Amino acid sequence: MGPIGKLKLGQNPMATATIAAVVILMNFIVIASAADVPKLEIFPSQKVQRKAVGQAMILTCRPNVPSPNLVADLQWKDNMNNTILPKPIVKQMSNMHQIYQPVYDSKGHRIRENTGRNPPMFTEYMTGTESLALIINHLSVEMEGKYYCTASYATNEILETSVTVKTYVGITWTNAPENQNPILGEDYVVRCEVKADPNPTIDWLRDGDQIRTGEKYVVETNGLLIRNVQESDDGIYTCRAAVLETGELVERTIRVEVYSRPAITYLPTTLEATEGKPFSANCTATGKPVPEIFWIKDATQQNVATADRFQVNPLTGVLNINSVTQDDYGTYTCIAKNDAGVVDQKTKLNVLITPSIHFLYNVTGDSQKEIALTCRAKGRPAPEITFSRWGSDDEYAAGVQVDDERITLEQHFDEEKGESSGTLRIARAQRSDDGLYQCKARNTGGTAYATGHITVQFPPDFSHMKDLPPVFSWEERKVNLTCLAMSIPNATIEWRWNGKPLKDLNDKNLQIVGTGPRSDLIVHPVARQYYSVYKCVATNILGTSQIDIQLKEARVPEPVPAAEPKQLTATSITFDIRSPPVEFGMPITAFTVQYKEAINPDWSTAMNRSWSPDSPYIVEGLKPQTMYHFRFAARNQVGLGMWGVNTQQSTPKRSAPEEPKPLHSPVQNDIEEPVVVSPYSDHFELRWSVPADNGEPIDFYQVKYCPGVKMAGTWHELENQCQSVEVADSTSYEMSRLAGNTYYRIELRAHNIIGFSSPASVIMKTTRGIDVIQMAERQVLSSASIVGIAVGGVLLLLFIVDLLCCVTINMGVMASMCRRTKRSPSEIDEEAKLGSGQLVKEPPPSPLPLPPPVKLGGSPMVSPSDEKQPLQTPTESIKQNSTVEFDGKFVHSRSGEIIGKNSAV
């Protein structure tokens, strides 16, 4: 403001208005006069120019003078009052390279040569004008200040003007990542650090809504604080920066994804692996993102994923060892790591060593004394040792046994060495304790087995011979007296007779074979004195024992005391025979009967039968309505006893057959009668035994079966559904097309020329099921028939081909045979001389005569017509003997000597 403006204004309003008018008038006068004053103008015309750091800038200085051609030395000076040089001139060094001349920086200092770039600032005349431009390529904070434009006018007047350059820093994101990951449950600052000059203001938006400071969010200078981050805080956040002075506004979009720190959820504190076997362990961890899992062996700090035999799945945490060794024992650390953090947990791997038994020896002890069997084993953990008897799964428990207080199992463990032992102690040992014992060493790695033997020594014992019968001999037959002493160790045996050692008697009729533990005394009883008692004495280191063995003279059985008819038919009689008294060791081997018609007084012509004692005593082939005389005798190993029980019995007349007996056992019992259950629902096979024909042969059997029901205990048959069949030459019949779950009454009768037998009745029930009608299977050829037909066809085809060859070209087998039949006698003689060339194999002579042919199977049953020769008596008046043997199903009869011992009816 000029001098007038500096006057003090009074309180008078009129004076104030007058002074203002004078000031305005004077300003107009100054402006009018300035239009003709030479000056320099800077464009843009603002005295203060604001530009952002890093931007380019141009200031133009233009002379405003009446005579522009009088302006000289127009130039710019920087904020340090140094002259800013024009853009350097480029020297042409070659066709390929250009080099700039030295230039000055903004402070007037020379910069290095050959930079190959424009200087930070330079001046340049604007084409077509008298203006000088100041060009700044890259504005920096150091370039802030006052810049002057100077010139001389008309050689004597200096023109000068200035402009102030002020810089500011634009909005720059210094720490504002576009993807940020807070940790679940923790406080987190979403980073958004901004650089600007003047300082900017920051605000936040989420999903377009402005975030204000509160309990959850706090807007801080370096970012947005989120308290107690949760998964719901995931989302898109906007950081907005504004500089009010410059009007600059910039936004940065930040994606927030909540991470969670890794946590190991499963890892046992101890792991157990077995030596030599594969092993797998699992370390499970959670976290976001999915953590990567490592296994570290603490002893070596090695990542086992890089070791031999180890494999690690970093996603699942599964650790696999191909084959565990003892060196794998130790502590391992499972590490779970993700971008949110790291967590680790330790576990101990115990290597289980499969048990191995290294000590178990057989032991020997005396009876009634203590015996101890010890077993030692190695393993980790130290194995538990138990025992069991060989062949039994029952193991002895530690301590005293409940069922046998004599036996105690002692167990000892050494976990540090991985060794254990077990001792089975048996007090007052018995012979029953002798045998094999199995040692079992068991731990979590497996079980080892070994077998040892306990031998219980005991003095000689003859308890197994106390119940043996006497030894028998007859007719001066040599006999063997056997003495077997049970003992450990083996006993030596001495024989005594009448109190004297037999070896001192030198009797040739008494021969000793063997001295222990078995010894045989062969006695030749040529005189009655040898039928006596012989003493066997056995001795070992634990004691002596003796037993008496009696040699007795055997005799034939006494007469049969009684034999009564039990069942009569027209052609057979079944007897009930009472055995005579027998001596222990000399049983009855057979019963024999002689029988003849009553009108025949001569027993030398009588017939005979023999039976074993456990068979039915049946005499068959008798004549109907005939009186017979019978007498009986018993047989043992010595021979046939005296005849006894002379009895007479007549046979009834010829009649219908006896009732046949069905061969079925009832498996279900009704209240009134037994029921046979068929295993099938639609068929049943009826089987029966052959009854006595009573003098006339059975020609057929009649089978009648009717379905029915029982009502109030009464059987009601469905007569219209009854079926009756006649069966010849068979003792079985299959009933088909039956109804399931149905009762049938079956009547079976035998028939001969005289008539029917009484019926045998059976109640049969079929099982549940769908009634099946069995269709007759069409006959198909067997595989053998098919092969035979094929071979026959081939042979027929070959025959036809050969025949054609013979007829057409005179070749083939038939042609050769035709030529052979037409040979001359001379050719035949010549061939006989030379030989036909064929080898004839003859069987070698038999060194021994061949035995007569043997017919397989038992001898056929002897019919009454075969028994024409009488039984020979001891006076050689009996002409023929026969034996009847019974095998449980059939009766076999054969002629010859009556053996009796092995015979059976």
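Placement of Cβ uses the backbone N, Cα and C atoms for every residue, glycine included.
The feature compositional bias 'Pro residues' is assigned by TrEMBL to 842-854.
Annotation comment: TrEMBL describes 870-882 as compositional bias 'Polar residues'.
Positions annotated as domain 'Ig-like' by TrEMBL: 38-166 (among others). Confidence for the domain 'Ig-like' (38-166), expressed as mean pLDDT, is 79.
The feature domain 'Ig-like' is assigned by TrEMBL to 185-255 (among others).
Residues or ranges marked as domain 'Ig-like' by TrEMBL: 262-350 (among others).
Among the features that TrEMBL reports, domain 'Ig-like' is placed at 355-455 (among others).
The domain 'Ig-like' annotation in TrEMBL covers 460-550 (among others).
With helix defined as DSSP H, G or I and strand as E or B, the domain 'Fibronectin type-III' (556-654) counts 3 helix, 48 strand, 48 coil. Look at TrEMBL and you will find 556-654 (among others) tagged as domain 'Fibronectin type-III'.
The helix, strand and coil residue counts that DSSP assigns across the domain 'Fibronectin type-III' (670-770) are 3 helix, 51 strand, 47 coil. Sequence annotations record features per position, and here TrEMBL assigns domain 'Fibronectin type-III' to 670-770 (among others).
For 786-813, the entry in TrEMBL reads transmembrane segment.
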I need to check the long-range neighbours of the transmembrane segment (786-813): which residues 6 or more away from its ends have a CB within less than 8 Å of a CB in the stretch? none
Do you know the DSSP helix, strand and coil residue counts for the domain 'Ig-like' (355-455)? 3 helix, 64 strand, 34 coil
